[in-house]
Amino acid sequence: MADVAESQENAPAERAELTVPEMRQWLRNWVGKAVGKAPDSIDESVPMVELGLSSRDAVAMAADIEDLTGVTLSVAVAFAHPTIESLATRIIEGEPETDLAGDDAEDWSRTGPAERVDIAIVGLSTRFPGEMNTPEQTWQALLEGRDGITDLPDGRWSEFLEEPRLAARVAGARTRGGYLKDIKGFDSEFFAVAKTEADNIDPQQRMALELTWEALEHARIPASSLRGQAVGVYIGSSTNDYSFLAVSDPTVAHPYAITGTSSSIIANRVSYFYDFHGPSVTIDTACSSSLVAIHQGVQALRNGEADVVVAGGVNALITPMVTLGFDEIGAVLAPDGRIKSFSADADGYTRSEGGGMLVLKRVDDARRDGDAILAVIAGSAVNHDGRSNGLIAPNQDAQADVLRRAYKDAGIDPRTVDYIEAHGTGTILGDPIEAEALGRVVGRGRPADRPALLGAVKTNVGHLESAAGAASMAKVVLALQHDKLPPSINFAGPSPYIDFDAMRLKMITTPTDWPRYGGYALAGVSSFGFGGANAHVVVREVLPRDVVEKEPEPEPEPKAAAEPAEAPTLAGHALRFDEFGNIITDSAVAEEPEPELPGVTEEALRLKEAALEELAAQEVTAPLVPLAVSAFLTSRKKAAAAELADWMQSPEGQASSLESIGRSLSRRNHGRSRAVVLAHDHDEAIKGLRAVAAGKQAPNVFSVDGPVTTGPVWVLAGFGAQHRKMGKSLYLRNEVFAAWIEKVDALVQDELGYSVLELILDDAQDYGIETTQVTIFAIQIALGELLRHHGAKPAAVIGQSLGEAASAYFAGGLSLRDATRAICSRSHLMGEGEAMLFGEYIRLMALVEYSADEIREVFSDFPDLEVCVYAAPTQTVIGGPPEQVDAILARAEAEGKFARKFATKGASHTSQMDPLLGELTAELQGIKPTSPTCGIFSTVHEGRYIKPGGEPIHDVEYWKKGLRHSVYFTHGIRNAVDSGHTTFLELAPNPVALMQVALTTADAGLHDAQLIPTLARKQDEVSSMVSTMAQLYVYGHDLDIRTLFSRASGPQDYANIPPTRFKRKEHWLPAHFSGDGSTYMPGTHVALPDGRHVWEYAPRDGNVDLAALVRAAAAHVLPDAQLTAAEQRAVPGDGARLVTTMTRHPGGASVQVHARIDESFTLVYDALVSRAGSESVLPTAVGAATAIAVADGAPVAPETPAEDADAETLSDSLTTRYMPSGMTRWSPDSGETIAERLGLIVGSAMGYEPEDLPWEVPLIELGLDSLMAVRIKNRVEYDFDLPPIQLTAVRDANLYNVEKLIEYAVEHRDEVQQLHEHQKTQTAEEIARAQAELLHGKVGKTEPVDSEAGVALPSPQNGEQPNPTGPALNVDVPPRDAAERVTFATWAIVTGKSPGGIFNELPRLDDEAAAKIAQRLSERAEGPITAEDVLTSSNIEALADKVRTYLEAGQIDGFVRTLRARPEAGGKVPVFVFHPAGGSTVVYEPLLGRLPADTPMYGFERVEGSIEERAQQYVPKLIEMQGDGPYVLVGWSLGGVLAYACAIGLRRLGKDVRFVGLIDAVRAGEEIPQTKEEIRKRWDRYAAFAEKTFNVTIPAIPYEQLEELDDEGQVRFVLDAVSQSGVQIPAGIIEHQRTSYLDNRAIDTAQIQPYDGHVTLYMADRYHDDAIMFEPRYAVRQPDGGWGEYVSDLEVVPIGGEHIQAIDEPIIAKVGEHMSRALGQIEADRTSEVGKQ
């Protein structure tokens, strides 16, 4: 893009005396000839670029014009004067005179809405080339004049460079640029993104997430504090290059790529992750995107759409496409890769990637929130140049216009601007045009000695395109922060096309002070999009008015009293509010004028002054400083604590004050896993942080792994908390507490005439019954208000006796005045009454260790005693005559119980209070109870819960009852616990109620309640409150920990603590691009003369979906082809090219895939495809459940198994595990019947021996599930070469039905094909009717398969099958394991009747039938099963329990099962597998079938003990079997944890561990608490699980007896209780449940140790519902399965599906394929090692 230059700026034509019309005619002729049009057809008013004139034409035209006229022009004239009309005038008449002197009268003041407020920049983040990854790094680079431009990094664009022609183009292109070092890295765990999704997310989205976090952290705004707030997100982005990778092969493109590569999601993903509720917009205006985004953010703040804005831009150079395009255009990219803005040698720009983000607030809001304001945006504007001189050509008129608009918006004269951060692309066209526009607006009218300074950050970081404006803003903000303008580099001298002096511009080439022409530093920032969208932002330094609160405007003089006819008005403020926040109306003011309250008494002032003097004379001790550390995950919290401790030991950390460190930490994000270290100095802080990092307890350290889910209950205690000096220290040292003490003091003076403050300040005060109550009330109010000042609030309150008054206030039930009145009346009456007591009228109170039931029995011996307080489940406060109180105390002590007498003369809450009730009623007349605003657990109303918003309760009767009747404190606490509350905070000068709270919570089964005191006798009161609030914060309750620190006076008050560390891992899609098509599935295609088709495919990696390959190949030739059946013969080796051959036949084709390595070919896949758009429906047998056909578009019944992709069902292990070696497809000439082949297929799929299959029983009753049905369906289609079969035809039928179906299809292929074609237009109902007609009369009844029973088999009635779902308890549950399957089948075969379900009661058999069943079972189980065993078994499950012992015995030596023995002589490395929870290693048979046929496998069965104890037993046996190695250790579920533990044990002994495979051994996403409360919850879940699984009702579990038992004891206790209750669960299942429970607990409690080696985690998508039901914390999965923090080299292989599916087909095929490659590499390495020896 060229620019304009002129040797004679305003000189008219000299060589030819032409007129303007003549010049126009000449130009028309020239242009017409150049573009091939008749001159007369040329429109002089149309831009010449639209007529077809190119830049190259313009150069030639300029030379001809110079020859003709003598006027030297450059190409830029064509852009400044785009039409023939304009250009001719310019050539003949020259440029019009420009008045650079300016017009002093021009008004630049703001006009328009008052909302045009200034906007504060409070946070900044940068990610620029050259390792400018923080604002500090960026500033240092700018100040030093460094750049981040490099050659194309190794590996960049490697996906594209495999294509030779593309590689050649890249090699010859100008590819120097600004590249980020780690564009592929992303911390997916931190941002809670699964690996697969992270791989599919555009790096621009990842950058936006990280930059937002860093910007908020830089702003010291906790991201957590903005959740749900009106936070706007505006992000510029103009490319989505990553989509090229995501869809490079559309056949495997992941759905995550839809959102992952969408530009709109860049901003949306930020809003989603951070839970921002303001506008969320991605802006694309090309190179001005990020500055336009900032402008829109400013507007959103001004118009109220947002209260905080995150704005900026991102850019990533993922593909070479744009770079190649610009390079081939020419004159765009700089040959040396450096941008030379406004320089004489400017020759183009350099592409760069990166991003920057700003955090914006309204200035007033930033000042209110105590934010550090970095700079201020005074104004901004955007525009477009409209239909100018070409879509992508810059336009100086439009640029000048946007400048004017921006400075008008700011209300600033542009002549006072100090510095312009220019767009400055370094092109010979763009720079002169930009300079011209600046000269017209910013330079106009300036004195020559006050030029506008000019620079461009592009010279340092390159052109970040959509993020360019963010980079420019970052530079200006940093320059303002450091009060220095950094140099613009690569400047060789002024461009010859720019008159700097005339335009009053000056380039900065050295660090320069801000000139402050207008009295303060002022800058403008420009960005221009190549599509014509222009933006300019005006930025200034922070002024005193920005950070100093404005003086309040004086209140107007009160108006005179209104005339009667006038409406009443309020003097002063427009509105007034009462203490509840309600508007006070004029009438209310008139009716109830506020009485003037007394102030602080002179005596109190004297005492206060003396106390302050005493305090000042004391030795100053360091304050207790809270250091908050948190993270989403506990492991990250620990790592952050460790890093902070290390930093605090560094010189920088030691030089930073503890308060500055705590203040900085308080403004970090507050994650769910929190800790607070309370410290007086650095040493204490470091010790505490080390304890957090190690997960250990320590003094003044509070740490929890997750938040409490319910809010705190504020406990307002009663009598007993009083002591001398209570509240005094806090009053003297905390202004908030002091202010509220004085408020209550004024009200008490008004009520009683004496000062509470005097009592608090009097060190000799001995509190009486009256003064105790009033003073505790005052302290409670002040404590609560202090907590509320720091953001704390109760979820509910509970008062105890005198505490009811403060409770009523905090619940919103009474105003402070009325609450004070209540406590004053109560206490005064009690004080007066006690003073009059003597002799026989004296009553005492005592606490005794008796429960409510016990105290009633004891009271039979003490008739005059009464209950005052039900304090705890085993503690009661009683009152009565002294002799009876002394007697009950003696009795309790004699019984070994706790007993304590109170120092009182009266007994409140007893009949002794009766004389006071009348006076109390009179005293409290006029109080106004209101509806509570938070929950109340009322100890007056027997602990009942009062909901917020309910009817008012605090009337006079409430206070009478509260004084006279018993206090139900423990009832209220128990109700709170039962309502889910676990945190109890006592507001008192000394904790007196927490002990009773603890006793009650423990009795309720809550053994880890959070019991938090406020003040305590003989403890520093300020430190106590800091500790209280730290605990509230740690438990996740409302508490703004920032408020625990004084307001910062400047940056020096914040420590430069370590930032959040992202743990980035590579997330990248393995796309490949190739011109020969071989990397695009199915590969390069060749049609052969014999009608066959061949494809050659070069897969991008070893993980090839062979079914997808076949489908892709078939679709080339048969667009409607559907994969009918397939068989995988082998696993392709690494580096193999796949050759697919297709041979057509009527109705479809056969397809084979061979793996080719060099000239060697191996058949790996054999498949059959059919010509079908949807499945053909084969007829089912009459007498079977009708198979409902599902045509295209027809709805599928809910119970129909989902037919996902063929890819999952075609990777079938039938041929590799069960089918005889070398078996081919069925043929009628083979001599094998359809029934024989069908028996093999179904038996192998369902785990039955073919001879055990009862043919008359519906398959679903035999235990058929969706996966089995799909496997049978596909195998039948493949073996019998049939069109697709309906799944319901398999699922709902018995074997006779399926056999008849196959026979019919084999004999009537043409008819079936026609039926399929016809059904494409039919509904499901029509298909069903046609099917019935087709089969009418053609199929006979089913026949018995076995005559052993000696009776005829019954025929199904009315063609109906039994309901397979069996809703009744214990009814129609199908077989679940091998033992139950063989037992079920044997019973059905011998008796000729289906048992129905394993729990169904069996009919009585005769001895002959029982003997036949016993004989058959003995043969199958290879163990003695007797007829007595059969006759005494009530159901199949019970009989199967006896069979199971022998059936599973197998080849077991001790705890080692031989699954496949290795040959005696050598052989391959064996695979050692470990049992899953509650199961045996037989489950690994599907995996064995997926590994090479000569791979030995040994299973390690269950032993008792913890994970570590089991490994200690396994490791010696492993060494005995395998010596020094190499070892391959594999396990599913618990087996994975055992494999891992054995790997550690072997490595410690120096053994060679080559492979550790964890098959979905995924740890819980949250730490599982090991508490007594968790025991109760765990067994509740177990009961629900058992009832669901075994269809039984579990009796009530005696939790209280479980708490003292270990896991083994608990499970035995519970299972014994279940058995004794009459629930019939056989012993085998009981033992299975015992081992399952203990095994799962072993996983939960395992102490995972670090492993320095490679571990492969085969990870499913989720746990199955039963696992989550038993332990809900397994519902959450970390992206690394919870192993990342322990394993140095973790490989995660996603396998999909649920946990329970991971060990079976089809998912195990994926595991086997990957593991086979690993085993092959191990064998290759062994061979290599042997060769070297």
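Cβ coordinates come from backbone N, Cα and C, glycine included.
Swiss-Prot annotations:
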ACT_SITE  HIS423  active site, for beta-ketoacyl synthase activity
ACT_SITE  HIS463  active site, for beta-ketoacyl synthase activity
ACT_SITE  SER801  active site, acyl-ester intermediate
ACT_SITE  SER1533  active site, for thioesterase-like activity
COMPBIAS  548-560  compositional bias 'Basic and acidic residues'
DOMAIN    17-95  domain 'Carrier 1'
DOMAIN    116-541  domain 'Ketosynthase family 3 (KS3)'
DOMAIN    1232-1309  domain 'Carrier 2'
MOD_RES   SER55  O-(pantetheine 4'-phosphoryl)serine
MOD_RES   SER1266  O-(pantetheine 4'-phosphoryl)serine
REGION    548-567  region 'Disordered'
REGION    713-1034  region 'Acyltransferase'
REGION    1344-1368  region 'Disordered'
REGION    1470-1563  region 'Thioesterase-like'
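According to DSSP, HIS463 (active site, for beta-ketoacyl synthase activity) sits within a strand segment.
Distance noted between the C-alpha atoms of SER801 (active site, acyl-ester intermediate) and SER1533 (active site, for thioesterase-like activity) is 55 Å. Taken residue by residue, the region 'Thioesterase-like' (1470-1563) breaks down under DSSP into 41 helix, 21 strand, 32 coil. Confidence in the domain 'Carrier 2' (1232-1309), given as mean pLDDT, stands at 72. Cα-Cα distance from HIS463 (active site, for beta-ketoacyl synthase activity) to HIS423 (active site, for beta-ketoacyl synthase activity): 9 Å (rounded to the nearest whole number). Its own atom aside, the Cβ of HIS463 (active site, for beta-ketoacyl synthase activity) has 26 Cβ atoms within 10 angstroms in the protein chains shown. On its own chain, SER1533 (active site, for thioesterase-like activity) has PRO1476, ALA1477, ILE1559, ASP1560, ALA1561, ILE1643, HIS1699 as residues at least 6 apart in sequence with a Cβ closer than 8 Å to its own Cβ. Helix, strand and coil residue tallies for the domain 'Carrier 1' (17-95), in that order: 53 helix, 0 strand, 26 coil [DSSP]. Counting only same-chain residues six or more apart in sequence, the Cβ atoms lying under 8 angstroms from the Cβ of HIS423 (active site, for beta-ketoacyl synthase activity) belong to CYS287, GLY430, GLU434, ALA456, LYS458, ALA468, SER526, SER527, PHE528. DSSP assigns the residue listed as 'active site, acyl-ester intermediate' to coil in the three-state reduction, outside any helix or strand. Annotation note: HIS423 (active site, for beta-ketoacyl synthase activity) sits in a coil segment as assigned by DSSP.
If you draw a 10 Å sphere around the CB of the residue listed as 'active site, acyl-ester intermediate', it holds 25 other CB atoms from the protein chains shown.
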